[in-house]
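Single-structure report; data block below.
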Amino acid sequence: MAITGASPAAPAVSTQGLTRRFGDVVAVDGVDLVVQRGAVFGLLGPDGAGKSTLIRMLATVLLPDAGEALVLGHSTASEASAITGRIGYMSQRFSMYPDLTVAENLDFFATVRGVPKQVRRERSAALLDSMGLAEFGGRQARHLSGGMKQKLMLATTLMHEPELLLLDEPTTGVDPVSRREFWRVLAGLHRGGTTVVVATPYMDEAERCSAIAFLQDGRIQQQGTPEEITALVPGTLVEVSGADPRAALAALADLPGVGSPHVFGEVVRVLWEGSLASVEGAITTHLRAAGFPTVRVTPTRVDMETAFAVLAEAGR
Amino acid sequence: MSLTRIRLLVWKEFLQLRRDPLLLRLLLLMPIIQLVGFGYVVSVDVRNLPTAVVDLDQTVVSRQLESSFTASGYFLVVARPDAETQLTSLLDTGVAKVALVIPQGTQDLLARGQTAPVGIVVDGSDSQIASVGSGYAAQAIARFNASRTAAFTGSLQAPGIDARTRVVFNPTLDPINTMIPGLVAAILMISLMSIMSQAVVRERESGTLEQMFVTPIRPSEYLIGKVAPYALLAVAQLSVVAAIGMLWFKVPFNGSVWVVFVGLALFLLISVGLGLLVSLISRTRQQAQQALVFIMIPTMVLSGFIFPIESMPEAIQPLTYAVPLRYALTVLRGSFVKGSGFEALATPLWAMVGFAIVIFGAAVIATRRRIAE
């Protein structure tokens, strides 16, 4: 991977062998990552996978132990000051001054970043309005609800119109309505050309990204577009219903051609490696012999959650 | 270094201070209450000091002298031993804290117009009682002399009693008045350190410190923005507390205002710096509080604020050089009581400059190391 200087064509983010340890724990382990400009890049993975550490290194908050990260063409280690004014970083925890009001927080962080007064006034009015916070401008941040706090943080990171947004689990602990609203705002930014890197543990949010990477134990397991990721899953995903899922799961385990059987709500999902035509006959015959007379077999679309479950299993 | 950004940080800090009513109370009201309260504790109950009188003269004059002691209300005669040798056991057991020894022939000496020496022995193990006791004894004798001079108008030249005070157990005594300047320094240190120690760690806990690093704010700007508001408050606090200390307790001031100002300013800077350092190193507010206690206790014990350094075991004494309050006390006591100037107090003043440099240097390094958790 050729990493160029600060040319406008440089990718929004590119890292090589990025590593960070905390004591004996390797939180991020040799990550190579490229995020193109204008992308909405989803960083997925379970808790403790290293998402926050990776984002904090990109935000210049943490220094890497090894490897390097170029953000907007500048090194996070040696040229942090060339980066900080051009990015917006939203940490996982609420990180505004709790005893300052919504308007004061917005104004403070924008002034620190050198946004002129007139622009500050216009933008804060527009942002608060678009996020439904207009009437809460005078309220101290600690008295906001969870969803409003997240929106205040997003608004604060947008005051200086950053080229790159780094969002660390912005929707964790936020109600579904606020989550959808939040993603609506991100979609608007995406249309405006802002690059967004968003860490999330929610697989359904991955579908809204233009590119994703799956992080586990500090390493990137898979990366690509959502379509590319789901295409990696071998075979056909089928749902088996009409039997006790746990019992059916045990019975299916020894059927040849069945991979990654797992319980999904009231059904069992398996990957069928043979042809689509033969799947129904093979499974119903097998289960009937095992004492499940009335099963139904339905082929289904591979979603992100299944894709990662299957790929994570295959990667072990 | 951007002045605009520093001004913004200072403004933000004041905005937060204004919204924190507890902090302002802690900053201004608490030190005043503590000063007044402790001030009374340190100057309380010096009346009725148990006194032994060894009257070897047994004359009218000796009885007059004794009554000028008892009339003051500060001394209560608890024993009348026949010989000076019996005093040792009385003082050893603590039955008497003060002893007045009137030698034989005192009346004769006075009658001949000569100066008569009397002995005053003070138990120095309690420096408080000892300093007050010797002070009042001197006053009682002065009163006795004054009344004699008044009675013999014109006819006597330099007559009177000359008190030879001897302090047993702890010969170097600081007068009561040195307690108040020391108290002012100690109280300001406690309140500034406890407030300052929360300043950065609070931002760490609320996540705003991390957010700071993603702005163009530099570590040095952040530090100045943090210290400046509290330094201003410290000056305000100092003026109020020092004024109350001096006016309320009527502490006489012999020294140079500038020496005291420079000494206290340096010491407050050290206190703010130490608090800042604690705050930078701590991960949580509880940790900061524990670190504070860890610093405060040796400071109080080893600085000479409570126990005289000279009376500490020799092995412990070198440790006191590591306690900044020690130097502040030297400067304050020297200036208040002895009227010492910059030259005489150069060593402790420079020592405090050294402490300030080391502490703020460490603070800058601690900020640069950022938040590695």
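Quick reminder: no glycine exception, Cβ is built from N, Cα and C everywhere.
Model, not experiment: these values are computed from the prediction.
According to TrEMBL, the feature transmembrane segment maps to B:21-42, B:179-201, B:222-249, B:255-279, B:291-309, B:349-367. Feature annotation from TrEMBL assigns domain 'ABC transmembrane type-2' to B:137-370.
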Intrachain residues whose Cβ lies under 8 Å of the transmembrane segment (B:222-249), provided they are six or more past its termini: 5-6, 8-10, 12-14, 17, 27-28, 31-32, 35-36, 39, 43, 180-181, 183-184, 187-188, 191-192, 195-196, 199-200, 212, 264-265, 268-269, 271-273, 276, 360, 363-364, 367
Contact yes or no, the transmembrane segment (B:255-279) and the transmembrane segment (B:21-42), 3+ Cβ pairs under 8 Å, gap 6+: no
Same-chain residue ranges lying at least 6 outside the transmembrane segment (B:349-367) that approach it to Cβ under 8 Å: 219-220, 222-223, 262-263, 266-267, 269-270, 273-274, 276-277, 280-281, 321, 324, 327-328, 331, 342
